Amino acid sequence: MVNGLPAVTALLPALLFAATGLTLLLVDTIRPDARSNTSMAVVGAIGSLAALAASVWLTASGAVNPDSGAVLLFADAIKVDTMALFFTAIFASVTALVLVAAHDYFHDHDNPAAFYSLVTFAATGMAILAVANSLAVVFVALEMVSLPSYVLVAYLKQNRGSVEAGLKYFLVGALSSAIFLFGISLVYAATGSLILSDIASASIEGLTGVLGVGIVMMIGGVAFKTASVPFHFWAPEAYEGAPAPVSAFLSSASKAAGFVVAFRVFTEAFPIEMAVAANIDWMLAFAILAAVTMTLGNFAAAVQEEVKRMLAYSSIGHAGYALIGVAALTVDGPANGTVMGAAMAHLLVYGFMNTGAFLFVAMAERWGVGRTFADYAGLWRRAPVASVAMAVFMFSLAGLPPFAGFFSKYFLFQAAIDNGFLWLAGLGAINSVVSLYYYSRVVKALFLDDPASPSALDAIDVRPTALYAAVVFAAVATVLLLPGFGPVIETAEAAASALF
Amino acid sequence: MVNAFAYVPAIVLLPFFSFLVALGAGRYLPKGGAFGGIAATAGSFLLSIWVAATVAGGQAYNETLYYWASEGGAGIGPTDIELSFGVLIDPLSALMLVIVTLVALLVHVFSLGYMNDEGETGLPRYYAGLGLFTASMLGFVVADNLLMAFMFFELVGLCSYLLIGFHFREPGPPSAAKKAFLVTRFGDYFFLVGVVAVFATFGTAQFAGPESFPALADAALNGSGSVAWTPGGLDLGTWLTVVGLLVLGGVVGKSAQFPLHTWLPDAMEGPTPVSALIHAATMVAAGVYLVARMYGFYVLTPTTMAVIAFVGGFTALFAATMGVVKDELKQVLAYSTISQYGYMMLALGAGGYVAAVFHLTTHAFFKALLFLGAGSVIIAMHHNEDMWDMGGLKSRLPVTYYTFLAGSLALAGIFPFAGFWSKDEILYEALVHGLNDPLLLGGYLMGLLAVPVTAFYTFRMVFLTFHGEPRSDTARDPEPVGWNVKGPLTVLGSLAVVTGLINMVPVQKVLGLEGIDLLHRWLDNEWGGIEGLSSHHYADIGPYNSGYLVGGEVGTVLVGAAVSLGLALLGLGLARRLYDVPSPTEHTAKLGGVKDVLYNNYYLDELQVWLAHRTEDIAGGADTFDQGIIDGVVNGVSSVSLTGGGRIRKLQSGVVSQYAALLTFGLVALLLVLGATGGWFL
Amino acid sequence: MTAVASTIPPSWYLLLASAVFCVGLFGVLTRRSALYFLMSVELMMNAANINFVAFALYYGDLTGQVFALFVIALAAAEVAIGIGIILVLYRNFGTTDVTVPAEMRW
Amino acid sequence: MILEALMAAAFVGALTVFLAPDEWAGRLAFAISLIPFAGSLSLWSGFEAGGNALLGGEIAYATRIEWLEVGGRSVSWFVGLDGISLPLFVLTTFLVPLAILSAWTPVDTRQSQFYGLMLFMEANLLGVFAALDFFLWFVFWEAVLVPMYFLIGIWGGPRRKYAAIKFFVYTNAASLLMFIGFMSLVFALGDSVSSFALPEIAQAIAAGDLSAWFGIPPDRIAMVAFLAMFLGFAVKVPIVPFHTWLPDAHVQAPTPASVLLAGVLLKMGTYALLRFNFTMLPEQASILAVPIAAVAVVSVIYGAMLALAQKDLKRIVAYSSVSSMGYVILGLIVFTEYGIGGATFQMVAHGLISGLMFMAVGVIYNATHTRMVGDMAGMADRMPVTVGILVAGAFGYMGLPLMAGFAGEFFIFVGSLSAPALPYAPAFTALAMFGIVIVAGYLLSAMQSTLFGPFELETDYDVGPAAFHDVAPLAVLLAAIIVLGVAPDIFFEMIRDAALPVVEGVTVDG
């Protein structure tokens, strides 16, 4: 029972997402040839905000929290706990932003309806992923997220870039999910169960190798979703080729979805003690991935010409930071909960600032100014508000005070240090300096550079209200999360600690 | 009666106000604020007289008036220090006050003729400068501690910069001003180190009183006291010598002693009245005055004394030789100044405290006189200073001529003019003390040698300027000068004749007339003064004892006087033979190679210019190093990381099958690493 | 538990599955045609299915077999979407060679 | 809450000015910037606190509000002033209005943004000097860079972008290093501190609560932290060889930005050095005394030599700032009351003087549009008042007595010559003091060739005297410099009061 309601109420966010998706289809069938997608945007936004509200309500009302324990459903295949709701909140916020922004981005698309429903269904998949307590559910939900994503990336059928991106994303994705699935099968072979807790308690004498290989393959699947090395190759192209709102959605929500898998599955199915005892040091694997990923992402981002591609690499770099949350863990380490909680908080903040950044790119694409840094020169003069917001995103991504990105990154590194991973934190710090360089390049282009030609800015002829709203909202959130960081980090740490 | 000392600050502040007035409102005042300056200096002069009278009335004054930085406090390491301003009035400073204010007053008056009547522009700036100059010098004179002295010492330097560079629109003056400030600044660097050292060593920089640093040093040296600090392992005597020499650095700079004298001849670029002020009463005098002021400290360290004496003697001769060949009126005077201050240093080094002050006084008058005279000649000659264009001005500028003559006789040290008495006493002191001290004796001999040279160039100047036939049209029909020129000349001329009377030591010694050595008694606190600041005290703690030639004291006096007078007359006579002819010609050719050396001032300027250029070269090298190496490294870091990024991105070939391959390899690598560490498959 | 199944040691199934998986992987790495690529991925997924089914039998619980069904369904969906994407690929690039679309790189 | 009020005034003012039309943005900004100034004057007049805020002295105008928890330590809004921070606080509020005035002529584009950024920067600068909680301080510390980045990058000279990015990245990297250094201290303090409040941390360290961490012994940690923080701040100060961003930034920056950069931003570095390195880790400081003093002396001489080689007036002043900062470092490292007090005083003095110099050069530049020594001569002929003040300022820079610069330098020298804590103190001091000769050298040469001699300058317009609102700030600054030089106790008394505890922190053996 949840607050006197049936226990299934705990699934409210996921259900709301699903319902929204269906409603969107319904709306589309009622008015199939509506040129305006306003109704779509409104319905979608309302739906995802409702999901957001639901998850916040469930957390706040104490129905689901570390103290009262998690809500288990469907023969333990589903487990709703604070972490699940925390991530659901991230998904919901990002989805809402993206849907609102899409209203202007697809203003002249002949069939926007599919987009909205696909996004919402993907969000549904994420919500389920967040509560999955069985590898079966994990895989199904993962596919529920992936399949719509492939379509979304290739959504602009006439656009070679979009198609190429879709293809690469799909091929790498298919391969990765196959590997992930094989990993699951090996784990099943070694433990004979798919329920996380049962896996943890299963005896694996003689099958260490099988389990180990399985786990590594599952790491691969996670790495794909989180766009971490070496499964990151799809990310630059997919983010660059896809419609900007989709890039925002993938790089924020989808990435977070990957992390929720990592956080839950590895800590619950292969508890650290057990892993260490069995010499299956997946923490080490993640540590290596984290180090390589953040370095590769940041250094590659530093030499990009296109803003969108730079953001793609930077999102790889941030995946590296967030991976610290599953890398900097030790057997009953003092700060296991803290470090993972910090990673969760970072993902939340990142959700806002990164989505905002991509939505700014979306605005630029809507205007039809080019994609490179040079094309952004002097945008400031015609779009001051948006440019200031972009500057906020950039500085926050770089981790400068007085923006939320500073705190989330700092908490992450500090927790890592507390847990004995000084070298990871140090590497992260160095990478932050590099990132400062390329993020400030955007600001430089926007504010300092002069437009190539006086007429260069004439492209900016419209004021996409919805896009503006989304961007500004994201910016405000990014700033307000600094003073309001206390509750966030507390919730996150509490949620994470519950896993250990 | 009202206490005169209460008004001492006013002496300093009056000219300062005139500075403010001239600066702020000079534009709107008649004569560009000249009258303000005259009134102020006149006021200061009267007050100074009053102060001197009060001192004569048997009083003295040593008072801290203002704490610059807060009192007490655990200052530096063990010591408590106080940084304060105060006033010290004793016979010495009282006398100096009178001299400075008088000269300043006369210079102000003279300026009316030299600047205003000549239609100079920027007069407010000029009078502001004069006012500030006077004020700074007066502040320096009344200073009661070394820090305050240093501060006003520096301000004097600033004013000299401003006034020498008065004609800033021409190329010459600014560069001369720069040189003056830089060279003296170089000396002041050592001075500043000295000041800091004094604070560190004694915790105080007071000149007078039982807690003053000379007193403390004395006590420490004779074991009845101790100092707060001496640098690692240095014994007290050596350290005090070092400190003394450091402070001396400032003196050498300001008083234009060798080797820092080069700025002074260039300083002639300034308006002539300013030169008079600088040379007679303010800037150059400051150095010597400083030594006299802290004489109680110097006499404690024989080495320092010897150095002072030798430097002084050398400078006296050295500068005099250069004066011989100069063609320009003011140049000759410039080198004579250097030389004369050399005498004063010699006196101080030789323990002739009174003699030095005596010469300072007389020199102040006759040198001011000579410069103002030169000024009036320059007016008459329409600012042509080349003596070879002059001649025969005697009949046309009688007042100027006779006063100038009086000054020249004094400078040459001819009986009975003021210069004779003071210079004679200096040589006497050097002699009697030098008989037991070779270094000092060397100083004496050089000083003696300088006497004929001085007489020679002085009268070479006089004859070339005033005697013989006019050698140019302007000389034939010179511009007449007004009362404001003649007035000051007359006053100073008479002073140049009579000032010697204030200190008739030789006469007293020979004829045994008691009490006519007024200056001696004055400086010996006979009327009033401060314990520890008397010539006697200095003599007591000083390193020297006197030795005499044949005939004991009197004999020595007579011999010395006779010799120096004889030499002076010799030089005069030579000058007369060579140049007192209707149309004199250059005889410098006879000097041969020496002439060039003298013309080029022994190439010392070249040396300093060379040094300056080397410094600039080093600076240039440093700059290249900075831009190339240091900044190069900074930028290098960024470019290196960028190339790194460039390599990494090449991984992203764009071909999806390669992605699949790389991805697989990555996974396999991960498998191997974990497998290896985990020891699976075994 | 049938006789045949009981006689075969589970490790054989593992080997078989791994073999199939590697074949599929080989196909992915070597084939340039998108369709072959797709088929190879299917092969890899079925390798996993072999494990599920076999070990469901081995452990005697149905989860594995049920999950295998799920996987088959998902694979079908994946293929559907894949074909769609390959279709637009062909429309835009006139080929199904996956190495051709390489406009976005570095 | 008065500190908050003043910062808020500047901050709200910034927002208002952002929205104001360009026409009167300048006047509005000036008017607004007077509010913090008036406020800080009242702060100064009402200041009675004694001792050092970090070492248990009373903290004036303090407020402390809990903010959030970090790893079991509380972060709070904790501001307050003591004898060291108050003068710098006043300096900031004093310089900003003048800098704004000096911007009226040169800044002719995007005025509202420009003045808005100026005020925004002021708000953060005040925060830096007032903050007593590390996180709060760090937030302000970093936030200062952002407006300066824009000020240089948008309104700067030809190579402004290069300069801006170099400044931004370089100083940020430095801040990161410093951050790491300080954090390692906090970690090493373990549970002995329950917050990031600087006083608590400083006193905990003083109480010897540093404990081993990662098996690194506490003294090693302290040493590493000291070095990291020192390097971090060295870039900001800047100390040779981390100074190369400064000339670029200064030359490219618009005059008002240069004024604040030289006047206040550099002081952030020395202030932080004093607050963190020398107040919290005096023992490490005295261990490293000789190398640090050497670096200081090198900065003095080397910086002066570089200035001697420059042809651009702004570069000259920029490098001479490097030189002057060397004095400050020397004053700090000797650990005497006069040394540290003098160093702090020199921060204020140099803030005023370098501000004056940059402003005056800026005024001349407005008229000539060149700063190259070779390009102009005899400016005194056309702009007598400006040149007069410039000359006065230059002499102030040379340490002319009765001007603020001399007071600062003299205090430092007096404090350092016989400093017990520094071996070879006399040698170091004497060497450093030679800077006063070189500075005279290059300033006089530069003035001679640009200001004096016959007037020369190729322009198609005739150069006339500067406007009143250009000259007024110069005059005000000069007056302030002289007042401080005649009566240094205005600040020096409270500074010494706050410096004394720092001095007592270091124990000199022998």
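Just so it is clear, glycine is given a Cβ too, placed from its N, Cα and C backbone atoms.
Remember, it's a predicted structure, so these values are computed and weren't measured experimentally.
Annotated features in TrEMBL:
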DOMAIN    D:74-121  domain 'NADH:ubiquinone oxidoreductase chain 4 N-terminal'
TRANSMEM  D:84-107  transmembrane segment
TRANSMEM  D:114-132  transmembrane segment
DOMAIN    D:131-422  domain 'NADH:quinone oxidoreductase/Mrp antiporter transmembrane'
TRANSMEM  D:138-155  transmembrane segment
TRANSMEM  D:167-190  transmembrane segment
TRANSMEM  D:223-245  transmembrane segment
TRANSMEM  D:257-274  transmembrane segment
TRANSMEM  D:286-310  transmembrane segment
TRANSMEM  D:316-335  transmembrane segment
TRANSMEM  D:347-367  transmembrane segment
TRANSMEM  D:387-412  transmembrane segment
TRANSMEM  D:424-446  transmembrane segment
TRANSMEM  D:466-487  transmembrane segment
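The transmembrane segment (D:257-274) and the transmembrane segment (D:223-245) are in contact, since at least 3 Cβ pairs between them lie under 8 Å (pairs 6 or more apart in sequence).
Across the range of the domain 'NADH:ubiquinone oxidoreductase chain 4 N-terminal' (D:74-121), the DSSP-based residue counts are 30 helix, 8 strand, 10 coil.
Counting Cβ pairs under 8 Å that are 6 or more residues apart, the transmembrane segment (D:424-446) and the transmembrane segment (D:286-310) reach 3 or more and are in contact.
If one looks beyond the transmembrane segment (D:347-367) by at least 6 residues along the same chain, the residues whose Cβ comes under 8 Å of a Cβ in the stretch are 87-88, 91, 95, 98-99, 102, 105-106, 250, 254-256, 258-260, 262-264, 266-267, 270-271, 313-314, 317, 320-321, 324-325, 328, 376, 379, 382-383, 386-387, 389-390, 393-394, 396-397, 403-405, 407-408, 450, 463-464, 466, 470-471, 473-474, 477-478, 480-481, 484-485, 491.
Note on the transmembrane segment (D:466-487): residues 94, 98-99, 101-102, 104-105, 348-349, 352-353, 355-356, 359-360, 363, 366-367, 383, 385-386, 389-390, 392-393, 396, 401-407 of its chain, located 6 or more positions outside it, place their CB under 8 angstroms from a CB of the stretch. Taken together, the residues of the domain 'NADH:ubiquinone oxidoreductase chain 4 N-terminal' (D:74-121) have an average pLDDT of 92.
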